[in-house]
Every structure is written in C-alpha cells, then in structure tokens.
Amino acid sequence: MPASVRTSSPSCAASSRSACSRASPPRRHPPPLLPRLLRPGLRRVGADRQSERRRRGPQRRRPVAVGGRHRPDQQGEAAVDGDPQCTNRVSCADILAMAARDVVSLVGGPFYPVELGRLDGKVSTRAIVKYSLPGPTFNLDQLNSLFAANGLTQTDMIALSGAHTIGVSHCDKFIRRLYQFRGPQEFTPRMNLQFLRQMRQVCPLKYSPSTVAMLDASTPFKFDNAFYQNLQQLEGLLASDQILFADRRSRGTVNWFASNQTAFFDAFVSAMTKLGRVGVKTGGDGELRRVCTTVN
C-alpha cells in the first residue's frame, strides 16, 4: 500500500456523511451505485466520463448545491469541498469514494473505513470509462477478465455486483433479453416467465429512451442481499447479472451471498478496500483536480 494513502480525515469524512444523510431520499428511482463505486478507481487511472482533456485555469472546485434535489453522492462532494479544511486538499476520487460509502451505509449497507490520500489522473477520456466498466451482456469470462486486470478475484466481482441491489437500468441495456430480433442472437441466461412479462410491460418494443426498470425490484431502496435471491429466481435484469447464477462456476458464491447477508457485506467491504488501492497515483503521476469534471 503506497504511503500516500492514509485513513480518512475525520473532518472531511464527517462532512460527506452529514450531507449525504440530509439529501432528499429518492422518490422515483434510486441512484445506480455500481458505476459510482467503480468510478474512483477509474479516475485514478485518468478516466472521467464527462470530459476529454479539457483545460481550465486555476479556480476553486465548483460545488454542487447542497440542500437541493441532487443525488446524495453529489451532496457529499459539495459538502467536503465546502469545508475549509478540505477544499482543494482532497482529490475528486477520494471525495467520491467517501460519498459512495456513505450512500451505501445510509440505505442499509455496511459502513467501512475509506483510505484517502490518492491523487486524480492527469488524463481524462471517455473511451477509458467505456472499456473499463462491465457491459450489460458480459459473460462470466469477460467479467472475470475485466476485474482480474485490476487485481480483483471472482468473489470480489460477485460481491461488487451486489451493488445492483440499488439502482435502475435503461431499456436498451436489456431489451434483447425480452424479445427476439433478426440477425445473430447473443446468448442470454434464462429469465423467469412472470418477470419477463412484467419487464415487457415496462419496456415494450417501442420504448421511450428515458424508460428505466429497477435492477432489484424486490427491495429497490435498500442495500441488502435480495439481489442474489432475485438471481436464484431467474429475475436478474441484466444478462451480466443473471450469468452469475447461470454459470456453475459462480453459482455457489451467489447462493452463499443469497443465504448469508453478513457474508455478502464482509465480501463487499473487502472488495471495496481492494478496489480503492487500484491504480493509486503518487507524486508527479497525479494531481488534485480543481474541477472534478476536467484535468487542471
């Protein structure tokens, strides 16, 4: 572990948690967690989905309004940056890692220490993010390959996938699991017939691009192990989720997490800690971004 990574600053961590707890609870759709949990690691290797090598002059990081109807992780970012002891002293990756941890905890998941001290990457490209996040049609080999590239095991991958107990997905990410289309068909794991009919009502063939479905319809606003129980019932929305149960090589871990929430939480915290140590930037390799959506 690089010496630059340290335990979270009590003041900055408290600011994040306080702001996240004050955030307006989601009324229609819970915020998708998995991309936000993975994104700090991507930022540390230079990725950011919102910008491509844009440059700006010196300025204070632009805060997101606290108290408005923003995502809790956005409020945590604004609160940390608004603390005089933390302003432009904590990297964007660290701020997002703390806020993501706080959101997990506030919706029923485990609270765990976040190691801080990383720097942000100096290069920012959308392409890196596109090819660094798991695709909705990935099979087990593809998932394992992607996570193994960051030093994560299959168990780590399955535990992190459990973050899909919170969040939504747009129809285009799973529409081919609902209908037959012309041309070559990608393999897709079986789906519960009743669940299939429900999803066809949510996403008809002529669906609106803004239409979404819950990734975990049974407990959409709670971080728990229901995601794995859904997979056992063949009610995984994304093919890349349902494959975890369909493939015999990963089914045992899904069954274990489905029957033991404590085991899932412990594995999740372990995987998050390992993920937080991926691609840590030190010295001249990184920077503290003044604006989180662009390099300095």
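Just so you know, glycine gets a Cβ as well, placed from its N, Cα and C.
Small disclaimer: the values here were computed from a predicted structure and weren't measured.
Listed in TrEMBL for this protein:
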{"type": "BINDING", "residues": "HIS164", "note": "heme b binding site"}
{"type": "COMPBIAS", "residues": "8-24", "note": "compositional bias 'Low complexity'"}
{"type": "COMPBIAS", "residues": "35-44", "note": "compositional bias 'Low complexity'"}
{"type": "COMPBIAS", "residues": "52-63", "note": "compositional bias 'Basic residues'"}
{"type": "DOMAIN", "residues": "77-296", "note": "domain 'Plant heme peroxidase family profile'"}
(request) Across all the protein chains here, work out how many other Cβ atoms are within 10 Å of the Cβ of HIS164 (heme b binding site). (result) 24
(message) I'd like to know the mean pLDDT over the domain 'Plant heme peroxidase family profile' (77-296).
(response) 87
